[in-house]
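As written in TrEMBL, here are the features:
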{"type": "TRANSMEM", "residues": "26-51", "note": "transmembrane segment"}
{"type": "DOMAIN", "residues": "43-294", "note": "domain 'G-protein coupled receptors family 1 profile'"}
{"type": "TRANSMEM", "residues": "63-91", "note": "transmembrane segment"}
{"type": "TRANSMEM", "residues": "103-122", "note": "transmembrane segment"}
{"type": "TRANSMEM", "residues": "143-163", "note": "transmembrane segment"}
{"type": "TRANSMEM", "residues": "199-231", "note": "transmembrane segment"}
{"type": "TRANSMEM", "residues": "243-267", "note": "transmembrane segment"}
{"type": "TRANSMEM", "residues": "273-294", "note": "transmembrane segment"}
Amino acid sequence: MSPISILNVSSSRFILTGFPGLEVHYLWISIPFSSIYAMVFLGNCMVLHVIRTEPSLHQPMFYFLAMLALTDLCMGLSTMYTVLGVLWGIIREISLDSCIAQSYFIHGLSFMESSVLLAMAFDRYIAICNPLRYSSILTNDKIMKIGVTILCRSSLLIPPVIIRLKFLNYCHPHILSHSFCLHQDLIRMACSDIRFNSIYGLALVISNLLLDAVLILISYIMILHAVLAIASREERIKSLQTCVSHICAVSVFYIPIIGLTMVHRFGKHLSPLVHVLMGNIYILFPPLMNPIIYSIKTQQIRRRSFKQLLKC
């Protein structure tokens, strides 16, 4: 075994993977990535600022949108320092503790985004299927309770599987598949018994991401059934248009997750570049696209954003 391999096996530090084979082009690659992170930061901050300062947007739908923007902002911030650090040549390795912490935030924020999208689907269901009771069902107190439930669900269920990563024995080469840390990447390098992590991790995915996706699908089946019962064609179109932004947000969240899962599960023969690319799409695509989607499709946010830009 070479000295480098011995170091990788015995060390408590992990090597971050950028874009294999493109190391000489990292400076150029960092330009679009820096631009994307800047757009993630500015776009989500703009959405949060507009919702906070515009009294007409103090409604349940926009409170949930603010939760989504805050989640996307935190997701961008949780990976920015390692992704850009690798591309700028500032960092090459990450300690086990930092890796575990980053893994906790990435997975926790993914579960949080899924929960927020489910809450937004519930909001659209009430608005279309029970419009007369909308304001009485989704009161500020109820929204606050939903927000606390989302936070607890996303942050308190993950520690058992994440904390256990600290006590695993990592005897395989400490080379991560991405420029950031994922739970499945760490257990791949472990020689200890990982049955708990595998079973508990699968249970978390089923009880969070999969369950949320099924409930969102059910809510839209019920919404579609209610919309088709509306006599006026114009009213049907108007009702469905209020759901377009949310459907787009659901798509840009779940499609990259499914793609990354398929690549990890069935794409072992694929180039490492494909794994890296899918990982970055999973991390950056939803935070980048959600502000754009809601700015384009939501008239109040679009108008207010233009006013803010003109002031600048």
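FYI, residue positions are counted from 1 along the chain as it appears here.
Using the three backbone atoms N, Cα and C, a Cβ is placed for every residue, glycine included.
TrEMBL: automatically predicted annotations, no manual curation.
Cβ atoms under 8 Å from those of the transmembrane segment (103-122) belong to residues 61, 64-65, 67-68, 71-72, 74-75, 78-79, 146, 149-151, 153-155, 157-159, 162, 165, 180-183, 186, 204, 208-209, 212-213, 215-216, 219-220, 246, 249-250, 253, 257, 283, 286 of the same chain, restricted to positions at least 6 beyond its ends.
Sequence-distant contacts of the transmembrane segment (243-267) (same chain, at least 6 residues past either end, Cβ-Cβ under 8 Å): 68, 110, 113-114, 117, 120-121, 124, 128, 184, 209, 213, 216, 220, 223, 274-275, 278-279, 281-282, 285-286, 289-290, 293-294, 297-298. On the 0 to 100 pLDDT scale, the domain 'G-protein coupled receptors family 1 profile' (43-294) averages 91 in this prediction.
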